[in-house]
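Trainee: Structure incoming, see below.
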Amino acid sequence: MQLPSFLEVYKGLISTDSISSTDPSWDHGNEKVIEKMAQWFKDVGFSVEVVEVEPGKHNMVAKMGSGEGGLLLAGHSDTVPFDEGRWNFDPHALTEHNNRFYGLGTADMKGFFAFVYEAAKKMDWSKQTKPLYVLATCDEETTMLGARHFTENAPFKPDYCIIGEPTSLVPIRGHKGHVANAVRVTGKSGHSSDPALGVNAIEIMHEVLFALMQLRDKLVKEYHHPGFAIPSPTLNLGHIHGGDSANRICGCCELHYDVRPLPGISLDGLDNMLRSALKEVEAKWPGRIEITPLHEPIPGYECQHDHPFIGGMESVCETESQTVNYCTEAPFLQELCPTLVLGPGSIDQAHQPDEFLSFDFIDPTIDVLSKSIRKYCF
């Protein structure tokens, strides 16, 4: 049987819509791209299991070899939505132009599975001693549903995991988490000519903002990690809206903010800090302040700094590991085994119009994956 080429697999991945979104009109599911991946990896000799996590949402686990431990190569199969008016190329077609592959998911990150496929296809498996697993998840771009489900139900425990997000082939050993909340203040609207007739939600929100800014200063003073370029947690006031007219007392005001906690700060502990910061304002204005999460919180992640896996992959990649401020599925997969984030392409291309991956990454990525498989599965 003639196996598909690297380019054919890459084109198949990019041409198959797998957008995930919290907006139902954009949430297209990943079943079709998972079906294609499952067949490609079966053709190379993997045993494959596809798990429906939710209707239209699937994870794929492919396995080559037997025994305990081994290496897990992981990533997400979904992409973000796109603004068609800002793209010069078809997002759902792999376009080769100026030594680049253009298309939605070329860098972030379902294109990674074409590299895994190619490395596996070229491998001589006759002396394999430990299994190689390939995990493709759903909904990383929204809820991390696929990674959460896999971690909670994992039928095996690999020795190590590599997540193929775009890191320019630099091993990433840690990143901050992400927590985003909405604070909704409900006042009482009325005519602005008599403030006593109402309760101004914007004025209450002013007190909320002051309390959160005090907490922001406290986080900077009390938490520090020298491994990060921005060594403290960050708290950002990102969006606010209130009122409907200059001559009305504002009856409702809503704030959206996010916090990026360092590794080691527990989500429960952070939630307690956030709620404690607003405790006095809530006591002053009972029943008028509501706090709700904007998405499932994501903890910070760090592979133990002296773990031999870091040194081993630094040797394979011939570069030192780093930390970053964006989020991946690593906090969840790290619960199973030491995990690094490492893949082709630049994070600068993620979620951008005309997303691309440079041809310069093709051979080095296949080489790094091949060396990693031989190092941890042979």
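Backbone N, Cα and C atoms are what each Cβ position is placed from, and that goes for glycine too.
The Zn(2+) 1 binding site annotation in Swiss-Prot covers His76, Asp108, Glu165 and rests on sequence analysis. What Swiss-Prot lists as active site is Asp78, Glu140. Taken from Swiss-Prot, the feature Zn(2+) 2 binding site applies to Asp108, Glu141, His351, supported by sequence analysis.
Show me how these features fit into the structure around them.
Mentor: Asp108 (Zn(2+) 1 binding site) has a Cβ environment of 27 other Cβ atoms inside 10 Å.
Under DSSP, Asp78 (active site) is assigned to coil, being neither helix nor strand in the three-state scheme.
Using a 10 Å Cβ-Cβ cutoff, His351 (Zn(2+) 2 binding site) registers 15 neighbours. Annotation note: His351 (Zn(2+) 2 binding site) sits in a coil segment as assigned by DSSP.
Glu140 (active site) falls outside any helix or strand according to DSSP and counts as coil.
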Trainee: Please report how many Å separate the Cα atom of Glu165 (Zn(2+) 1 binding site) from that of Glu140 (active site), as a whole number.
Mentor: 11
Trainee: Under 8 Å Cβ-Cβ from Glu140 (active site), six or more apart in the same chain: what's there?
Mentor: Ser20, His76, Asp78, Gly146, Ala147, Thr328, Glu329
Trainee: Validating a neighbour-count step here. Other CB atoms within 10 A of the CB of Asp78 (active site): how many?
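Mentor: Here the count is 28.
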Trainee: Would you list the other residues of this chain near Zn(2+) 1 - those whose C-beta lies within 8 angstroms of the C-beta centroid of His76, Asp108, Glu165 - in sequence order?
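Mentor: After dropping the recorded site residues, what remains is Gly75, Met109, Lys110, Phe112, Glu140, Glu141, Ile163, Gly164, Pro166, Thr328, Gly343, Ala350.
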